[in-house]
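Working notes for the structure below.
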Amino acid sequence: MEDLKDTLERLIAGKDLSAEETERIFRQIIAGEVDERQLAGLLVALRAKGESWEEIAAAARVLREASLKVPHRLPPDEPLVDTCGTGGDRKGIFNVSTAAAFVVAAAGIKVAKHGNRSVSSKCGSADVLEALNIKVDMPPEMAAECLEEFGLCFLFAPLYHPALKQVAPVRKALGIRTIFNLLGPLLNPAGANTQVLGVSDFRLTEKMAFALDALGCRRALVVFGEEGYDEFVVTGSTKVSELREGRITTYYVDPEDVGLELCEEPEELAGGDAQTNARIIREILLGKDEGPRRDMVALNAGAAIYAAEAVIDLKAGVKKALDILSSGKAMDKLEELVAFSQKHTQ
């Protein structure tokens, strides 16, 4: 493909692609019209240059068009939250954003959690959900029913994005972060309009916020935790790029700012395999764990509650999340999802 060679030359020279060119190339990729060697070269060249927010948004538009959708009937102006990260932080902590989803739903906010199996840890969101006895591969109609009935659903990425099968072998062979890691959180099949999105590179917070704005997201907090976590942290500062009404502002949050204690021992947040992480999540949702793991969940859930405009600021969101964890309502939400899953797998 002669035109792709020209594209590669420009990327190597450090020049950004236009939105139109990016869309054309990604349509060729998902149609299987780009051979594996050229695809690998393209992904590496984009990464080396640094993906622009225009390139990220354009690629996401193409992949959104090709994805399956969740046919829910929620009003378009109602907040619908996704809590997820790009992965790749290699920190091996428990599934914070998955646990937070139950807390946010217990606050009465609709949540469509988009996720996959493990990327950089021992246990991805789909792995721990299965260990919690929740059906992860709900087809679109079932996910819509779950969302409408319980205010929460989980969306297994491979089921909704069959076009990405084309690139899986190349991504696996490369073994490095590529633009596809950045695209995953932008492809929510339920059309989430409110996001808490974690990135594992501090340079990406503004880029991803601009991409979300270009894609029509209403409210978002794009976060980078100190030391490379792709979520809000209680072990140090979190960089936040907040998208609100088309404006993006960047600031930093320390746990003490929102009424939480600084955790000086990061190993206290450690996770393990799916069964271990399921046990950790149950203990937090039952109110049995009142340490830094609970605080980490409350901080990330509180951020989503704030992003959904259910409270005036992040500190109030964290307080609401802590109250929900103490009440057991988040555990009730988990049990509702387990019962729904069992009903549909018999």
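Positions of Cβ are set from backbone N, Cα and C atoms, glycine also.
Unlike curated entries, TrEMBL annotations are predicted automatically.
These come from TrEMBL:
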DOMAIN    5-66  domain 'Glycosyl transferase family 3 N-terminal'
DOMAIN    78-331  domain 'Glycosyl transferase family 3'
BINDING   Gly85, 88-89, 95-98, 113-121, Ser125  5-phospho-alpha-D-ribose 1-diphosphate binding site
BINDING   Gly85, Asn116  anthranilate 1 binding site
BINDING   Ser97, Glu231  Mg(2+) 1 binding site
BINDING   Arg171  anthranilate 2 binding site
BINDING   Asp230, Glu231  Mg(2+) 2 binding site
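In the domain 'Glycosyl transferase family 3 N-terminal' (5-66), the DSSP tally of helix, strand and coil residues is 48 helix, 0 strand, 14 coil.
A coil conformation is recorded for Asn116 (anthranilate 1 binding site) in the three-state DSSP classification, outside any helix or strand. A gap of 20 Å separates the Cα atoms of Asp230 (Mg(2+) 2 binding site) and Arg171 (anthranilate 2 binding site). Within 10 Å of Glu231 (Mg(2+) 1 binding site), counting CA to CA, the binding-site residues Gly85, Thr98, Gly115, Asn116, Ser118, Arg171 contribute Gly85. Reduced to three states, the DSSP call for Gly85 (5-phospho-alpha-D-ribose 1-diphosphate binding site) is strand.
For Asn116 (anthranilate 1 binding site), the Cβ neighbour count at a 10 Å cut-off comes to 18, with all displayed protein chains included. A separation of roughly 10 Å, to the nearest angstrom, links the Cα atoms of Gly115 (5-phospho-alpha-D-ribose 1-diphosphate binding site) and Ser97 (Mg(2+) 1 binding site).
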